[in-house]
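In what follows, a structure is listed as structure tokens, so that the remarks can point back to it.
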């Protein structure tokens, strides 16, 4: 008897929603507009302006300045391109869905494009950051190897692989998405209910999300942390081997700059990408949803979206504006006729008379204090050094 009364109550509630298509859609899909649509849109607009201007400047200064066309800057150029794709193509779709959760008006092609875009740029960004970290590790710990192997042609080959892998690994998640319509109890489709969502069994989606989060977040984050830890140990060891006052004066600021940059790289990577992957993993591990779990997930989803786009806006600041050379290039692009905006070159002193190791040249190259060129020792003598210009210049 109790079951019959319960079934009757459900039937009465459902019939109430069936009297209005909009009410029935709200019953099935939730509100058509997010409660946070206005404040989130304002935040997104600020991120959009800062991110687009910053990343365009990065691409422009690298393309216009021959001295900035180095292997490391090629990776930063790739990172700026992926950030621009997110901001110019991904963010407008995100803002649209904040104001119109349904229907999805761009059809199956638009759904596939949206999913593939986000997956591809997500993977390409992380792989680019990881590649930069590996390059810097080699430059600091294995400078002779970096001198021989780190070339622009090699960087272009690696970037081709990065984007190819990103596209390939975006296909599984893209293939399980599509347009889904809600249905009335009689089996007919509800008008205006089209959404871009998972159309295959949910366990397939959960497996893909968990696998890609491991491959494209947990592993890179672990690798980057280990590499920066090893670089820190190497820099600390080199600090203890300083033999004279000249070497101390040259490398004390460089060590501080490198340490600060490494810390910022790891910190920003973790802060911006952790909420995004927590959001995906949270959804993939929950089997039975309750009202409280749904509220927590919605909050995480909003926060993860803000940090996801924020990473695209702060990358030009973190990876480029900490470099003195990039700052000078930015000033040159923004105000080429402004003479007082550009720092004057200091006159170079006489050649050093002390012993300076080859590894120290690469430490200088990684700092904001690096000028257009720094002398590298071609051989170790106690007399005047024979010098050659540094080939690879890291911003």
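Every residue gets a Cβ built from N, Cα and C, even glycine.
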Legend entry - Residue pair residue 288, residue 329: same membrane side in Swiss-Prot: no
Inset, instruction - Could you check which of 213-233, 234-254, 318-338 is flagged in Swiss-Prot as transmembrane segment? - result: 213-233
Inset, instruction - Match it up for me: which of 75-95, 180-200 does Swiss-Prot list as transmembrane segment? - result: 75-95
Legend entry - Stretch of maximal Cβ-Cβ contact with the transmembrane segment (213-233) [cut-off: under 8 Å; candidates 75-95, 116-138, 158-178, 294-314]: 116-138
Inset, instruction - Summarise the topological domain 'Extracellular' (279-293) by DSSP state, stating how many residues are helix, strand and coil. - result: 10 helix, 0 strand, 5 coil
Inset, instruction - Return the residue, from the listed disulfide-bonded residues 111, 196, with the maximum count of other C-beta atoms within 10 angstroms of its C-beta. - result: 196
Legend entry - Average pLDDT across the topological domain 'Cytoplasmic' (63-74), rounded to a whole number: 80
Inset, instruction - May I ask you to report the DSSP-based helix, strand or coil state of residue 196 (disulfide bond)? - result: strand
Legend entry - Winner by Cβ pairs under 8 Å against the transmembrane segment (42-62), considering only 116-138, 158-178, 294-314: 294-314
Legend entry - Pairwise CA distance, residue 196 (disulfide bond) versus residue 186 (N-linked glycosylation site), rounded so that it is a whole Å: 23
